[in-house]
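Engineer: Got a structure here, written out as structure tokens. Questions coming.
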Amino acid sequence: MKTLYSLRRFYHVETLFNGTLALAGRDQETTGFAWWAGNARLINLSGKLLGAHVAHAGLIVFWAGAMNLFEVAHFVPEKPMYEQGLILLPHLATLGWGVGPGGEVIDTFPYFVSGVLHLISSAVLGFGGIYHALLGPETLEESFPFFGYVWKDRNKMTTILGIHLILLGIGAFLLVLKALDFGGVYDTWAPGGGDVRKIANLTLSPSLIFGYLLKSPFGGEGWIVSVDDLEDLIGGHVWLGSICILGGIWHILTKPFAWARRAFVWSGEAYLSYSLGALSIFGFTACCFVWFNNTAYPSEFYGPTGPEASQAQAFTFLVRDQRLGANVGSAQGPTGLGKYLMRSPTGEVIFGGETMRFWDLRAPWLEPLRGPNGLDLNRLKKDIQPWQERRSAEYMTHAPLGSLNSVGGVATEINAVNYVSPRSWLATSHFVLGFFFFIGHLWHAGRARAAAAGFEKGIDRDFEPVLSMTPLN
């Protein structure tokens, strides 16, 4: 089997397990990659690579539509979303579809429509993917030069980057439009326990919006994850959408400067590594967001955050024991600190006991009971509303703890419900995906840099044991 020198020079060439098998006419002889290396065989075939990408998009959208309809079919309106293993309906509910005051689902039809629209879209994408993979032109450069490209063409690559940025900016503005004009979004902070509302007074002050980026990531500071009102959140999307669109126009109209041409490796595998690095950051950030933030991910749909469930337990027992006659302002716990209430390091009144570590939690069911110096003793004695008691008792028994075999809840809480919170699933999956994408970033960055430096040879195959073995077929 003769492998071209040019292919040996630029790609590592894998030893075939089965020399006779060639998928879609793409064999190792012509591409330098075996069938199991997937889309690497299409590096220089822009038309076929387009087919692979469109088909991949079709699979993603098909999963979204099918899973959406599956969740609608299994949905029980009487139970909270987070108790039903739902991971898609909470997102639709957060966007304000189908829900009313308190996050109660009043109409599942919008969820059905969403699923059907995704299925129809996936059919169109699937057809396009099959067409471009099997029937369309192998390369686009000759027939459709606008869609064609060469990986080393720096100007074309930044133009493609610009188009992607504009599409991301449009996506950010779609959320802004939904919040402003198309029915609003669900606000967990709305008075009385949350409701859908239109966001009128956007926060557009650059010092406020970009101040989040400059915050410490630790404790009550919480970097961008600490955003706790929708005016800031939607205003941030206005800024982000504007930056993406303006940046996209900039990259379309300009050519890379000399320093950028020198600093970057300009090859397909290098672009893959940059993309994986960016997605890794997105994954880790999303993990922190879904775990700690109950504004973008309302607890009514995703279940309480860990700190929220812990504080809810302290609150529930404060309410119970206060009714039984305990003086919650002065009762001492076993360590000599306050049993129900104590002071934080900075002097605020906070819940006592083990939940003291979560003293900087903010939650809509708890904030009305705070005064200028933390929890207000008078409000705790006279102003606690039934909805606050109900919600904290519910959250106390639904801590976002759990394992892969679905044994969830606090081990020591006898009333805990055995379930796994969507928060656990979303945070864990995004951490794991972010981690593996980071490893992929390192792997492909190393290979791309080696190829650019000219020492990408791969393993010497001449004396490899597998070459003397009988072929599998």
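The backbone N, Cα and C atoms fix where each Cβ goes, glycine too.
Not my notes, these are from Swiss-Prot:
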type	residues	note
BINDING	GLU367	[CaMn4O5] cluster binding site
MOD_RES	THR15	phosphothreonine
MOD_RES	THR15	N-acetylthreonine
TRANSMEM	69-93	transmembrane segment
TRANSMEM	134-155	transmembrane segment
TRANSMEM	178-200	transmembrane segment
TRANSMEM	255-275	transmembrane segment
TRANSMEM	291-312	transmembrane segment
TRANSMEM	447-471	transmembrane segment
Engineer: If you count Cβ atoms within 10 Å of the Cβ of GLU367 ([CaMn4O5] cluster binding site), leaving out that atom itself, what do you get?
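Structural biologist: A 10 Å sphere around the Cβ of GLU367 ([CaMn4O5] cluster binding site) contains 11 other Cβ atoms.
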Engineer: At least three Cβ pairs under 8 Å linking the transmembrane segment (134-155) and the transmembrane segment (255-275), pairs spaced 6 or more in sequence?
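Structural biologist: Contact criterion met.
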Engineer: Quick one: what's DSSP say for GLU367 ([CaMn4O5] cluster binding site), helix, strand or coil?
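Structural biologist: Reduced to three states, the DSSP call for GLU367 ([CaMn4O5] cluster binding site) is helix.
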